[in-house]
Amino acid sequence: MNPYAKLTFSLSLVLGTTITISSNHWMAAWTGLEINTLAIIPLISKSHHPRAIEAAIKYFLVQAAASTLLLFSSMINAWHTGQWDITQLNHPTSSLLLTTAIAMKLGLVPFHFWFPEVLQGSPLTTALLLSTLMKFPPITILLLTSHSLDPTLLATMAIASAALGGWMGLNQTQIRKVLAFSSISHLGWMSIVLIYNPKLTLATFYIYCIMTGAIFLTLNTTKSFKLSTMMTSWTKTPVLNTTLMMTLLSLAGLPPLTGFLPKWLIIQELSKQEMTTPATIIAILSLLSLFFYLRLAYYSTITLPPNPTNLMKQWHANKPASTLIAALSSMSTLLLPLSPMILALI
């Protein structure tokens, strides 16, 4: 892809995200979401592979439908209340339609079908953008309207997302699909606490972005796309694979790593709200995710291929690990002692 074109699309992504997160009018928020959608499509389809084209078309159709629902929701609300302000979402039908639209944009169950397929058809760097930056504007809209949303509906979708994300990730061999189902599962954790503590949802999203960023950039360095290629990457970059294993365990939520902090705080918040049953269910469902994270960690560090590869290229990394990977991996594993400071910020 032409560097100028890539720069244009990247700046458009930043612009679209900024417009949406800083707007208080529904039309401005919708405009930002549309700019984001149009900017990411060329980045998904840049390889011109049939799978990439298919992923771009699926992404466009789903996002277009979600944007239409979002516009419809805001128009119904404006019709009944005379308000175009995002925080003034008072009509129940508008609230239901908005929840549906944002669930489609994020990939929450039962609107999750597109997300693993699109991630599988995208390059790793674009898949990273889809998992992190592209979810930021919809989550911001959810935060602004959290007081108007239906708690029962959100809790049901959250538990279903945690269950399906864990269940479907169990027998995947493609790493991008595993990370897609991991994303769906984490979105369930963010959604369940959204109404009771929106700032905690945002903190969970930030920590998730740090951990996912470290994993995707590491996989991009070692060029690992499947579990079988992950097995051979240990011989190329043993230190990088060790940090990858730690980051995966952190994403699973194991103490004393960073990923344990949001899960601990979410379960604590749900217990305060007398929602011990949903808290217990979602904690048990996280064991499903833990299984495939352990599987990935096992493949990345402990399993060596049964036969040595004959290709010399396999034994050398294509490029050295960057400072960004080092920083993100460190933050993904070492932030738990800073939890009092993070709690003060929340």
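Yeah, the Cβs are placed from backbone N, Cα and C, and that goes for glycine too.
TrEMBL annotations: computationally assigned, not manually curated.
Straight from TrEMBL, the features:
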type	residues	note
DOMAIN	23-288	domain 'NADH:quinone oxidoreductase/Mrp antiporter transmembrane'
DOMAIN	290-343	domain 'NADH dehydrogenase subunit 2 C-terminal'
SIGNAL	1-23	signal peptide
TRANSMEM	56-76	transmembrane segment
TRANSMEM	96-115	transmembrane segment
TRANSMEM	152-171	transmembrane segment
TRANSMEM	178-196	transmembrane segment
TRANSMEM	202-219	transmembrane segment
TRANSMEM	239-261	transmembrane segment
TRANSMEM	281-300	transmembrane segment
TRANSMEM	321-345	transmembrane segment
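The transmembrane segment (152-171) makes no contact with the transmembrane segment (202-219): fewer than 3 of their CB pairs lie within 8 A, with pairs spaced 6 or more apart in sequence. If you look at the transmembrane segment (96-115), the same-chain residues 6 or more away from its ends with a CB under 8 A from one of its CBs are 33, 58-59, 62-63, 65-67, 69-70, 72-74, 76, 89, 130, 135, 138-139, 141-142, 145, 149-150, 153-154, 157-158, 160-161, 163-165, 180, 183-184, 187-188, 191. Outside the transmembrane segment (281-300) by six or more residues, the chain places 158-159, 162-163, 165-167, 169-170, 172, 175, 178, 181-182, 185, 188-189, 192, 224, 227, 230-231, 233-234, 241, 244-245, 248-249, 251-254, 263, 267, 270 with a CB less than 8 A from a CB of the stretch. Cβ atoms under 8 Å from those of the signal peptide (1-23) belong to residues 29, 31-40, 42-43, 46, 86, 129, 133-134, 136-137, 140-141 of the same chain, restricted to positions at least 6 beyond its ends. Outside the transmembrane segment (202-219) by six or more residues, the chain places 124-125, 127-128, 131-132, 135-136, 139, 143, 175, 179, 182-183, 186, 189-190, 193, 225, 240, 243-244, 247-248, 250-251, 258-259, 261-262, 265-266, 321-322, 324-325, 328-329, 331-332, 335, 342, 345-346 with a CB less than 8 A from a CB of the stretch.
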